[in-house]
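So that you can see what the record holds, here are the features copied from TrEMBL:
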- 3-267: domain 'CTP synthase N-terminal' (DOMAIN)
- 13, 188, 189, 190, 191, 192, 193, 224: UTP binding site (BINDING)
- 13, 148, 149, 150, 188, 189, 190, 191, 192, 193, 224: CTP binding site (BINDING)
- 14, 15, 16, 17, 18, 19, 71: ATP binding site (BINDING)
- 71, 141: Mg(2+) binding site (BINDING)
- 354, 382, 383, 384, 385, 405, 461: L-glutamine binding site (BINDING)
- 381: active site, nucleophile (ACT_SITE)
- 506: active site (ACT_SITE)
- 508: active site (ACT_SITE)
Ligand code: GLN
């Protein structure tokens, strides 16, 4: 039977519950356990798929095509396990399932209520993860902060899980802010006391408190938290701010959190082996030389919108001991008159994914600038589509080349929704999740992956229009990755260029510490060579 750890948040949001949970996951995995993670979000959207990236950050895509919260990206990168749709639940998804059941008469005329019907469904999702993952430990983060009205059903559900499974099978870790008051020069425990009181009123006694602080605190404060929050001093964990999230597993290792968990949950841990994380952190510390990468996107107001892209670039940088710095360029404002001024210093240009018409012409200009000036280019999803359009326009002379997402009327839809054999649209919905790309031998793509195939995740609606393949090939574009089953273009490259590659999928979702995705690795290496 799996054991459960629930991570809740106190006082304020943004304390890094996800990083705390996944860092604990790292410690337990490296002690020989199989770890799985889940996130429960109290918002009413069904999933983040249609949420504005500038407001909510990136949509992380799981192998099985789940459109999930960006925290899942952290989870996967930390615990180095592929998660599934069952890892991500919003209140909206739970409620809509309950309402659908009600319409289908599945509640047999009973009055449908938050308790027990919503809480039962939440518990079902929690227990379902055990069957699907076959994990020893399931770490679940409850989004939001204790005290929020909308998180109450989730807290009630996890209270019931503890009752059903018992103290030795379920553990509550509360991550809460221990603020430092600069005027009086002291830490204040009161907010934590209040948030624990709030939890107690819901019937939940935290087993561990992770106090998020600016710096280290003395024993006296730990004793105070212990005394007023009903937990032993050793279960008060101090987690100070860190300049890198990747240090947190090593910081938590020092606090002995994994052994505290093992004691309560009666788990046998093997010798903890953190050599991989230690090596990765050493690389981070030794990454002193900086290199810049220009990211031309349209959601640049919130860098979280490109979180996995950023982490993938950083991870690839650390691999060669380079610290990557980002230069953000808003494609909405990029035009013929300012493109040179904006991009002339670029050592590498990355055009990430995106939806809708706005900012696309700016991205097309960025791809052109990279191609014409021999600047390393990595195009992701829309970044591949604009590279194809640009090539068609400026190399193959198809002046009105465009994607049908932007202009349905154009005669030259280089990127299009594909027609099914019977003339029906088959691309009405997104292509989501993992697909296998066949890599063409002797191409940059096959050299980078060092393999005949690449399995990567997708999230897009439009595809390269194969009727233009021959013409663009004649002009020097190489189609180096194909999804054979449906003959879809997955990767393009320009062999005469220093480094110009773009893919229809999202390689950013498969980078892990010490294991950068091959496209990011090649791109960052090419930029680094540019610095010499
Ligand atoms: N908007 C494009 C499509 O749907 C690209 C999507 C993306 O970049 N994720 O095909």
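Backbone N, Cα and C define each Cβ position, glycine as well.
Annotated features, which come from TrEMBL, shown on the structure.
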residue : record                   : DSSP class
13      : UTP binding site         : coil
189     : UTP binding site         : coil
383     : L-glutamine binding site : helix
405     : L-glutamine binding site : coil
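In the three-state DSSP scheme, residue 506 (active site) is classed as strand.
Put simply, residue 506 (active site) is 36 Å from residue 149 (CTP binding site) when counted between their Cα atoms.
Residue 383 (L-glutamine binding site) sits 10 Å from residue 506 (active site), counting Cα to Cα. Proximity to ligand 1 at the level of Cβ atoms, with a cut-off under 6 angstroms, picks out 354, 381, 382, 461 from the recorded positions 16, 354, 381, 382, 461.
The recorded positions close to residue 354 (L-glutamine binding site), defined as a CA atom within 10 A of its CA, are 381 out of 141, 191, 192, 381. In sequence order, 353, 355, 381, 386, 403, 415, 460, 462 are the same-chain residues whose CB sits within 8 A of the CB centroid of 354, 382, 383, 384, 385, 405, 461, the residues recorded for L-glutamine being left out. Each of the binding-site residues 189, 193 was scored by the number of other CB atoms within 10 A of its CB, and the lowest score belongs to 193. For the pair residue 191 (UTP binding site) and residue 461 (L-glutamine binding site), the C-alpha distance works out to 47 angstrom. Along the domain 'CTP synthase N-terminal' (3-267), the predicted structure has mean pLDDT 96. Counting Cβ atoms from all protein chains shown, residue 14 (ATP binding site) has 9 others lying within 10 Å of its own Cβ.
Neighbour counts of Cβ atoms within 10 Å were compared across the recorded positions 15, 381; the minimum falls on 15.
Most Cβ neighbours within 10 Å, among the binding-site residues 19, 149, 382: 382 holds that distinction in the structure as shown.
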